[in-house]
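Participant: Just dropping this structure here.
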């Protein structure tokens, strides 16, 4: 079924699996193709969410902390609260994606998140900051429709690469936010002469809120719910008939009438109660049946029920990617949230000119690695899948986590015990933590190459559950930093735990 890769696949129209209408290729440069538009809007929505969700950490070490008179404990509390909101919302968003589709959920999350983003400058106390960061944390849930959207549009030969690309390019927003917000703040204070009190508040009004609303409008106008068209039409695919034939129950599909010969045209049916039943397109030709090899090939997102909830919660394949993502993405969140503050504390007095902006630029490097690292993790996941199946994806995911953990333990011990000169220590720390970040991001991509194979009929729920565990890891690691203030020790403690 799937063709061998050609560079022309990047700009030619998508090559589509006739069974499920998912694409075998990722036409990145063909914006007239609905598969390309779904791809780009999914990562763009997640990317711009970071412009608000992670806009506080680069400005906290000096500007916000001094303006609001925050203690170190209050800064840590605000980081934890932001992650708690995302953890809760990701769990709830998963069923909404399966019910209403990823496009609409993505757009509405961006709109909801734009409201507290526009109000960020109203914070006057630590408590006010807590409230704003909690509601801005809604934006972290954009990851769920981001992953579910590409999972619905791309076939299993490339879905790991597609998920990793959109996740990685979206996560790159974490690094971009550090560069954008610190540069904007510096420009507002040094070029335009604004005070610190005004500048950080103006930065939120200038960047996050307008961009969030703009991308939400783009999503509504140019996005497509599903390869079949509208989300409500997702059961009109030929594969729906095969799913019914295999015993899967689909609402308003009549099993005895759903599977037709390829020469018959589809027509509307009504169920016994007179409601319009879903129209199934001309069904699968015999030669296409050979393309169907697993549940992933025929699965269509279904609304969550009590029965499927129990099935998901008792399935071991639910918890492997969830726990793996807890460690890999949890570490990435911990680094993004805390590393700039750590660098500022370590080097602001030891290196002339090492200020909040410099610390933000160094931290942005680790986030910007997502441009290649997370996509590479997903690509290698797809590669090993061709030879070793899902077991290969599992092994690759676990290997990334082990290497990441070893690097963080080494970096934490070095930071805790070494007192060399500022330049030498900074170089070593950036090297070691870059290794940790690279394999953390490899692991993120590998993990969401595996997710589409787990509970395939509820991919939105699965994406939300696994994504929420990533935030749970961020919360746990943030708590480690909250209660273990010795520089370096928190890094190796959080990895020793897992």
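Even glycines carry a Cβ here, placed using N, Cα and C.
Just so you know, TrEMBL annotations never went through curation; they're auto-generated.
Source: prediction; values computed, not measured.
Residues or ranges marked as domain 'Major facilitator superfamily (MFS) profile' by TrEMBL: 38-498. What TrEMBL lists as transmembrane segment is 41-60, 72-93, 105-123, 130-154, 166-186, 198-222, 359-376, 396-414, 426-449, 461-481. For 253-278, the entry in TrEMBL reads region 'Disordered'.
Show me how these features fit into the shown structure, please.
Facilitator: Note on the transmembrane segment (41-60): residues 70, 75, 78-79, 82, 86, 102-103, 106-107, 109-110, 113-114, 117, 120, 129, 133, 136-137, 139-140, 142-143, 145-147, 149-150, 165-167, 169-174, 176-178, 180-182, 185, 200, 203-204, 207-209, 211-212, 215-216, 218-219, 222-223, 336-338, 340-341, 356, 360, 363-364 of its chain, located 6 or more positions outside it, place their CB under 8 angstroms from a CB of the stretch.
Residues 41-42, 45, 48-49, 52-53, 55-56, 68, 93, 96-97, 129, 132, 135-136, 138-139, 141-142, 144-146, 149, 200-202, 204-205, 208-209, 212-213, 215-216, 219-220, 223 of the same chain lie 6 or more positions beyond the ends of the transmembrane segment (105-123) yet place their CB under 8 Å from a CB of it.
The list of residues near the transmembrane segment (130-154) in space but at least 6 beyond its ends in sequence, with Cβ under 8 angstroms from a Cβ of it, reads 22-23, 26, 35, 38-39, 41-43, 45-46, 49-50, 52-53, 56, 77-78, 81-86, 89-90, 92-94, 97-98, 102-103, 105-106, 109-110, 112-113, 115-117, 119-120, 122-123, 162-163, 166-167, 170, 212, 226-227, 234, 301, 448, 451-452, 459-460, 463-464, 467, 470-471.
Below 8 angstroms of C-beta separation, residues 37, 41, 44-45, 48-49, 51-52, 55, 59, 63-64, 67, 103, 106-108, 110-111, 113-114, 117-118, 120-121, 139, 180-181, 184-185, 188-189 of the same chain, each at least six residues beyond the ends of the transmembrane segment (198-222), sit close to that stretch.
Within its own chain, the transmembrane segment (359-376) is flanked in space by residues 58, 61, 161, 164-165, 167-169, 171-179, 181-182, 332, 335-336, 339-341, 343-344, 347-348, 426, 430, 433-434, 437-438, 441-442, 444-445, which lie at least six positions past its ends and keep a Cβ under 8 Å from the stretch.
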Participant: Taking residues 6+ outside the transmembrane segment (461-481), which of them lie with a CB under 8 Å of any CB in it?
Facilitator: 76, 79-80, 83-84, 86-88, 90-95, 97-98, 140-141, 143-144, 147-148, 151, 304, 308, 312, 318, 321-323, 325-331, 333-334, 337-338, 444, 447-448, 451, 454-455, 490, 493-494, 497
